[in-house]
Every structure is written in C-alpha cells, then in structure tokens.
Amino acid sequence: MGPDRAADHLGQASDHAPSRTGGQAPSQTPSHAKRQAPGRAADLPLSREPAHVPPPPPPPRSRDFPLFWAAQTASFVGDRLTGFTAPTAAILLLDASTAEVGLVSAAGWLAYPAVGLLAGALLVRARVRRVAVCAELVRFGAFALLAAAVAAGLVTSVAPLVVAVAVAGVATVFSDLSGQVQLPALVPAGRLVGANSRLQVSDSASKLAGPALGGAVVGAFGAVAASALGALPFLASALCRLGVRAPAPPTADRGSLWARVRDGLRYARHHPVLGPLVLSSAVRAFGTGAVDAVLLLFAYRVLGLSSATAGLLLAAGAAGALVGVLCVGPLTRALGTRGALLATGLEGLAWCAVPLCLALSAPVPALFAIRVFSALWIPVWGVLGTSARQRVAPPDRQATVHATARVLTSSAIPLGSLTGGAVAGLATGVLGQPLALAAVIAAGGLCSACAVLLLPGRLPDHVTR
C-alpha cells in the first residue's frame, strides 16, 4: 500500500472506505492491515521524523472548497464585526457600565463551555450542511433583529444585547463544529494542512481588518448601522454554504444524547494521539489566557502606552499571525508535523522575556517585537492541531472530538485569565505592580510553552501538503 493511500485511511475504522483522492479502495484487506476496535488508534504509519513526500498533485477541480472557504471567511468577518459593534453599541447608545460591557462581551464566550459537548453529540446524527446553514441564519437573525430593535428605540438596557450575543454564540458553536466536520469531505486527506492554512489566513485577516472596518462604520454612520452591517456576513455565509454539495459524513448510532457525549469524551481521552493533543491545547490555552489578562494592564500602567498605541500592539499581533500562516507549509515540510508543533513552544517562551523590558531604555519596541514574534506561532499550532485531529479521528467521531477539544480550550482561556488576574493582584503587594504584571506574563508564557511537552510521541505522516 502506497504512503498516500495508507495516509488516506488514517484513523478509519474500516480499510474498505473509498480514498478521498477519488480512487477506489482495494477489494480485500491487506494481510498486514489490522482492524482496530472502537476507541483505539488506527495501526497506520506514524513517525517522529519529517515526512518526505513528492510534490502534491493539482487540487481537484471542484467548487465545493472555494464556496466553503468563502462561507468561512464571511463568517469570520461577521464574528469580528459583531464582536466590536455589540459592546460599542452598549457603550455609545446605552451608556453601559464596565460590568455591563463585560457581560455583553462574555455572553458569546460562554457558549462553548455551555453547549459545546451537546452540539458535538447532536452533530453525530445530524445533516451537517443543513446545520451549518441554519446556524448562520440564526446568527444573521439575532443581530439583524437587534439592529432593528435599536433603530426603533426599543432597546433601553443591555439585556437584549446579551440575549442576541448569547443566541449567536450558541449558533457559532454549531457553525464552527460543522465546518470542522465538513472540511475532510471537501479536500483530499493530504491537503488538510493547506486547506486549514487558507482558513487561518481568512481568520487572521478578519482579526486585523474587522475591528477597523467596524470602527470606520461607527464613525461614519453610527452604532445602529454598524450593528446591521455586522449581521450581513452571516447571511452571505449561509448562501455560500447552500452551494456546498460535499457528501455527508457517516453517522453512527451510539445511543442517547448523553451516551454520545460520554462516548466522545471517553474516545478523546483514551486515544493515544487525540488525548495528548487535546490536553496540550488546553494547557496552552490556560497560559495564553493568563498572558492576555494582564498584557494591556502592563502596557497601560507600566509602560504608559496610549489607547492608540495599545491598539497598535494588538494589531501587530494580528499582523504577525497573518505572516505566520504563510510559514506553516514550509515549516512543516522542513520539520514534520510534530517538529513544527514543538517549535510553537517559542510562542510562550517569547513572553518570558517581558520582565527584561523593565530594564530597557526603550521597552515599547521590545514589547512590540515580543508580541509579533509570539503571534507568528499561533496559526502554526492552530492549523496543524486541527489538521491532525481531522486526520486521526474517524469520520463518525469528528464532531465529538472537535467539540471536546474546543470545550476544553474555551474553558481554559477564561480560567487562565481569572488565575492570571488573581495572581497579579496578590503579587502586586509583594513585588510591586511592574514586576508582578511582568512575572505573570512570563509565567503564563512558560505554561503555554510547556504544553508542547504533552504532545504525543508520534503524529500522522503526510499532513504536510
């Protein structure tokens, strides 16, 4: 069996499934191939070394992935616009307090911990394409109705904003998971890294341009128009998703809804590749949350940055991530999947240099450099981690595996933020605010860097295309 054909069967429960490259599976199972029991990793080629593969063949001539990519891009833009316009409307139109603005912002983030596992279990039996379209329409409806209510003067408190953001957040969970489940059916298995890299480009670009576009619309037309604008990309995403005609992933009868939730958790926990991948992602997210919680405090109160300069600091990170996406392919071809993931530990180690800024005569450029260098590695982890999960998990377990990973990371980020903020507050009385904030950033970065030590010893070959 050739390496490409073997790779196409990675993580599958059956050796008779058709290859995603369009060829037919052999009619008989080779003598050396062993059928795996459910919940165990497939006995297929894994390696600690970089994969040396010939140049990939031209991509299949299909409109499905371009439409899917366009849908995801529109969805990303909608996320960034509404993430900016919802709290902006609360501040400018309702004169919301700090706590109320925080509630509006947090309403969307709570969706994954609240319903992520249930969403993954539901998608095991659902028509993924239909779920994706409905999710985008729900997001469009939530923000369009909110904009109409604001324009009519019916919104007098932040409660409708919180409800709209929360409803859209739940729909976002279904949209994200359906996209991750659908992608392996749209491209050959060996091209998942390239496909995820394209999606990451769109995500990084939306992070860079979305808030700026939202701010420009608010300045020119007001917060009501900006809220309406934020709903339109979700409608565009739904229309694009309607045109995607990929075959539906296979479903499996694993009992009741809660039985499917338990089955997904058990499978991810005991899998020799997926378990360490998910755990390392959660640890990394915890450290990142601690860094993000105090980074702006350090910028404002220690370095004395203006709000404009602090905004540039965040934008510099988005720009660094956009550049990092372009490095995913070359880096993975040079180091292999596991080597490239190990290299992402440099993201966390970069933050360990923040205390040195206190001793520099020009600390602001140093902080910008740390921010950009750290951000370069974010898409490397995101693309390769997602691609590895998509390669290893069988099609009928894609939804629950991705849901488990997203729930753990989404829960770890706020937990890390709370921990970082609490530790910084306690340490300020002992070390003083400058050193306390710098130490928490360094500790969070070290935690994020150590996450790579939890990676599995072997990862699937041929995910470098």
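The chain as shown is numbered from 1 upward.
From the backbone N, Cα and C atoms, a Cβ is placed for every residue, glycine too.
On a predicted model such as this, the values are computed, not experimentally measured, just so you know.
According to TrEMBL, the protein carries these features:
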COMPBIAS  21-31  compositional bias 'Polar residues'
DOMAIN    273-465  domain 'Major facilitator superfamily (MFS) profile'
REGION    1-64  region 'Disordered'
TRANSMEM  101-124  transmembrane segment
TRANSMEM  145-174  transmembrane segment
TRANSMEM  212-235  transmembrane segment
TRANSMEM  273-299  transmembrane segment
TRANSMEM  305-328  transmembrane segment
TRANSMEM  340-362  transmembrane segment
TRANSMEM  368-386  transmembrane segment
TRANSMEM  407-429  transmembrane segment
TRANSMEM  435-455  transmembrane segment
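Per-residue pLDDT, averaged along the domain 'Major facilitator superfamily (MFS) profile' (273-465), amounts to 87 for this model.
Of the candidate ranges 101-124, 145-174, 212-235, 273-299, 340-362, 273-299 has the most C-beta pairs within less than 8 angstroms of the transmembrane segment (435-455). Same-chain residues lying 6+ beyond the ends of the transmembrane segment (212-235) with a Cβ under 8 Å from its Cβ atoms: 74-75, 77-78, 80-82, 84-86, 88-89, 92-93, 136-137, 139-144, 146-148, 150-151. Panel annotation: around the transmembrane segment (407-429), residues 106, 109, 112-113, 116-117, 278-279, 281-294, 297, 435-437, 439-440, 443-444, 447 of the same chain, lying at least six beyond its termini, place a Cβ under 8 Å from a Cβ of the stretch.
Contact between the transmembrane segment (273-299) and the transmembrane segment (145-174) is not supported, since fewer than 3 Cβ pairs fall under 8 Å when only residues 6 or more apart in sequence are counted.
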